[in-house]
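J.: I'd like to ask some things about the structure below.
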């Protein structure tokens, strides 16, 4: 049904509020102390399909839905009669973070109603083939596998060692995934790869003239699927471990090849390393890059797609927030992985034998960087 609605307002707008620096700092401190609520509610909303449900209604005139309507349209119908009430409480929080818009129906009981905000499209499960989805990344980040690792952070700072290994019997992340099919499948669905690559291809022309393109550590092959759809003359080789390729669909012009990038890399006139280097130590990165160098012709290149950390931690800078969030994620989950600065990428290129390192363009949070032979 359609709703006439008004914007939600403070329940008691005439109540005096003390405004001073100390009060503002106190409010910020309270928000930080309770920061765990938002990501956990976001995760539950994604698992329930709340955003997909709201987004499906967004193109219609009756784009606002009541919690009762949302509950009735979820992929799994709740058995709990209190589900609409609980959803309303979750959605209020999400609205305060601008994930959804909250209004109040003017008819009937004046209940709250909700509509998807534009940011929701980045979290839709149905958008995976179009732009990718951050939904799985949220779910992975708050899976027990990662949460158990985060719990080791204090002890790693005090005593040293590896956070993931301490939590998971000495195994590293990629070894662990070989033992946990559920988590491996979830992990391989994560990320924002398709959106980043599509955005980059709007301006990046570095694949023109490439005949054979190797995606080193290419996972399920979706990056090459996007590139070869724009450049159908390219032969794509999606190179990764057997366990990763087991979940890879077929793409026109793309061959899946199993192997280990620490041993050798298939020959190609250009290569992609997409969000691979941040998983590894500098020493491991040099090993990977040297293997790429050996398999490239003269004037060949590696197209590195990575986040670049700013030199300073600026207050209120969203790029700095993302960079340092991801850096801590790499520190805890990837046994020596880290995000890197421009200078650190230049040092990796030089140590691996490449003549120069060129920062070409930025797409969302990632940079397209060329390591040229």
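Every residue gets a Cβ built from N, Cα and C, even glycine.
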J.: So Swiss-Prot lists 240, 260, 261, 274 for S-adenosyl-L-homocysteine; which of 209, 217, 300 goes with them?
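T.: Candidate in the recorded S-adenosyl-L-homocysteine site: 217.
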J.: Would you count the other CB atoms within 10 A of the CB of residue 278 (active site, proton acceptor), including those on all shown protein chains?
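T.: Around the Cβ of residue 278 (active site, proton acceptor), 18 other Cβ atoms lie within 10 Å.
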J.: Whole-number Å distance between the CA of residue 217 (S-adenosyl-L-homocysteine binding site) and the CA of residue 278 (active site, proton acceptor)?
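T.: About 12 Å separate the Cα atoms of these two residues.
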J.: Could you give the Cα-Cα distance between residue 261 (S-adenosyl-L-homocysteine binding site) and residue 278 (active site, proton acceptor), in whole Å?
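T.: Roughly 15 Å, rounded to the nearest whole number.
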J.: Given the binding-site residues 240, 260, and counting only Cβ atoms in the protein chains shown, which has the most within 10 Å of its Cβ?
T.: 240
